[in-house]
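Take a look at the structure set out below.
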């Protein structure tokens, strides 16, 4: 924005797409919960966090829609600080659903025994099929045989940041930095053994899957941040153009009113009225000709 006043007006403007952003966040939360329940551990903390996050997002969305339909006088999306606080808390809840539950992933004993007893790559390749069968037949609900889905959960969390288009870029940057650092720390500090075990079941690449997952996480965080910067720049520019158009229309209306008063002061009322009517018809003909 070009001035502090314009920036304040932009912040105080209503976010018309906030209800849609909340709906998209609810969809991302449902997808993340389904992923966690289907592939990753199914724990009590996952259930509690998911119910809390879903109930919170649904309640805020219901309040917003009720305010838009004039059913309640208070619109929680109108105050700038309150809207950003609610948005941030919604994103943090969605992030916690995946991040906290992922920490509970447990390494299966068969992988630990394999890495302790077998050292040659030929032996590892010969037993990889047995390892896969043992992992998938494990009764432990906290087992994570395919930890690569941890990265997919991270993607869903970051997409929640992207759907809130009017959230300031500084807040988005802080949230994305925390999410990226959290997932990278979990992958490299707590669960690197899970990724190493996954590498034993598949054809190992020159770079371990743990480092590839971290690279994908960082790349996605940067992509969402760049998207947020472009979106905010476009929104601010569009608001500035609309404000400029409103100011020009206001000045034009004031000038026309002033000219009308001058004309009625110089000419008799019926002559001035006849002149203005002819001018209006002429303008209508010109507009019809061009359009």
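Along the chain as shown, residues are numbered 1 onward.
From the backbone N, Cα and C atoms, a Cβ is placed for every residue, glycine too.
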> From 191-209, 210-228, 229-247, 248-266, which range did TrEMBL mark with transmembrane segment?
Replying inline: 210-228
>> Same chain only, please: residues at least 6 beyond the ends of the transmembrane segment (80-98) with a C-beta under 8 Å from a C-beta of the stretch. Say none if there are none.
In response: 11-12, 15, 18, 21-22, 25, 28-29, 32-33, 35-36, 46, 49-50, 52-53, 56-57, 60, 153-154, 156-157, 160-161, 164, 166-168, 171, 175, 179, 182
> At least three Cβ pairs under 8 Å linking the transmembrane segment (21-39) and the transmembrane segment (210-228), pairs spaced 6 or more in sequence?
Replying inline: no
>> Can you work out which residues elsewhere in the same chain, 6+ from the ends of the transmembrane segment (174-190), have a Cβ less than 8 Å from its Cβ atoms?
In response: 88, 91-92, 95, 99, 102-103, 105, 147, 150-151, 154, 157-158, 161, 210, 213-214, 217-218, 221, 224-225
